[in-house]
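Noted in Swiss-Prot for the protein shown:
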type: MOD_RES; residues: M1; note: N-acetylmethionine
type: TRANSMEM; residues: 100-122; note: transmembrane segment
type: TRANSMEM; residues: 142-164; note: transmembrane segment
type: TRANSMEM; residues: 174-192; note: transmembrane segment
type: TRANSMEM; residues: 228-250; note: transmembrane segment
type: TRANSMEM; residues: 265-287; note: transmembrane segment
Amino acid sequence: MEADLSGFNIDAPRWDQRTFLGRVKHFLNITDPRTVFVSERELDWAKVMVEKSRMGVVPPGTQVEQLLYAKKLYDSAFHPDTGEKMNVIGRMSFQLPGGMIITGFMLQFYRTMPAVIFWQWVNQSFNALVNYTNRNAASPTSVRQMALSYFTATTTAVATAVGMNMLTKKAPPLVGRWVPFAAVAAANCVNIPMMRQQELIKGICVKDRNENEIGHSRRAAAIGITQVVISRITMSAPGMILLPVIMERLEKLHFMQKVKVLHAPLQVMLSGCFLIFMVPVACGLFPQKCELPVSYLEPKLQDTIKAKYGELEPYVYFNKGL
């Protein structure tokens, strides 16, 4: 039996995005790491199906389940602002496989300076690509800005890790294991604002409820970027804080001392166990489509909105990025 799709809106959220649980379910769906292995052909099919559904011309015999699956693939692989296919490594669905490997090795190889520098560099290279891929595409980023952001974040991460390693030499071993997290958190506070500095300088695009562009707001940009920084730190925090405690205890066991070669793979696997939950939880902390009271915007932009809408538009909306 053919499904009636006349009233189906493919862009309507399946879960209430005003609630934390609804957002977590949404991101659990689109950050599914299995979508990383979907073929280019299937991704292109998903984009065609989504675009046809928006125009109301889906092929006969199409089922709702097919459209929902197409939307899942589309959201996982295509940028929400431009509709362009994102590079695989930069997608949020790659956070689990990519993040678990890097996190596991950062936590394992934290004792020697060359290893600390190398893995912090690898992590910041990965973060820079993720930040660029998931930026608000309405605010263009130059090659110079990307290079400066990458250099600054990498320098910050390495300097933090090296400095704290030196300061914690006489501290309990567990404290030294937490150094990678401190470096990651510090770098996130630098990398994301630097990568998106144009939004802080010129403002982020804000729209009305009907997706009509109103103007650009620096205050909205500051809020969106702050939320992204908090989300990224939250994503890595549980694994990078609790895993050192777990490994500190496990490594004292007799059988673990005999299989030191398995310590790194074990940390990678355990990092994955944390990230499989923390990626959607961290992404869902704040709505991706942010709502901001007009009264919080810059006075000049407030005047523009009041002149155009009167008091009928109490809020503006913008994509904060991921």
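Including glycine, each Cβ sits where the backbone N, Cα and C put it.
Taking residue pairs at least 6 apart in sequence, the transmembrane segment (265-287) and the transmembrane segment (174-192) share fewer than three C-beta contacts under 8 angstroms. Between the transmembrane segment (228-250) and the stretches 100-122, 142-164, 265-287, Cβ pairs under 8 Å are most numerous for 265-287. Long-range contacts of the transmembrane segment (265-287) within its own chain (CB-CB distance under 8 A, at least 6 residues past either end) are made by residues 17-18, 20, 23-28, 31, 33, 92, 95-97, 99-101, 103-105, 107-108, 227, 230-232, 234-239, 242-243, 246-247, 250, 320, 322.
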